[in-house]
């Protein structure tokens, strides 16, 4: 293969790697911990941290999955 062909192949592979969307299961979890369980009926508000806005985390409390602001401990 010529050097031009190799450069084209490398460029296409790089572009594919940049444009391929990263699924939420491959992303690291957001920092912090979930606060204590709220006292409310079952609700499924989120599936993972990345379905929550900003710094909020998707916190699972049994039958409750909801976006909550994280708490940080030292």
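Yeah, the Cβs are placed from backbone N, Cα and C, and that goes for glycine too.
Note that this is a predicted model, so its numbers are computed, not measured.
The disulfide bond annotation in Swiss-Prot covers 34-59 (among others). The DSSP secondary structure for residue 34 (disulfide bond) is coil. With a cut-off of 8 Å between CB atoms and residues at least 6 apart in sequence, the same chain places 57, 59, 60, 61, 68, 70, 71 near residue 34 (disulfide bond), listed in sequence order.
Spatially close to residue 42 (disulfide bond) yet at least six residues away along the chain are 62, 63, 64, judged by Cβ distances under 8 angstroms. Taken from Swiss-Prot, the feature disulfide bond covers 42-63 (among others), and the record attributes it to sequence analysis.
Taken residue by residue with DSSP, residue 46 (disulfide bond) is part of neither helix nor strand, so it is coil. Residues or ranges marked as disulfide bond by Swiss-Prot on the basis of sequence analysis: 46-58 (among others).
A strand conformation is recorded for residue 67 (disulfide bond) in the three-state DSSP classification. Around residue 67 (disulfide bond), the C-beta neighbours below 8 angstroms that are at least 6 residues distant in the chain are 45, 46, 51, 52, 53, 56, 57, 58, 59. Residues or ranges marked as disulfide bond by Swiss-Prot: 52-67 (among others).
Packing against the domain 'WAP' (27-71) from elsewhere in the chain is no residue: none 6 or more residues past its ends has a CB under 8 Å from a CB in it. Marked as domain 'WAP' by Swiss-Prot on the basis of sequence analysis: 27-71.
What Swiss-Prot lists as signal peptide is 1-24, and the listing cites sequence analysis.
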CB neighbours within 10 A of residue 46 (disulfide bond), counting all protein chains shown, number 19
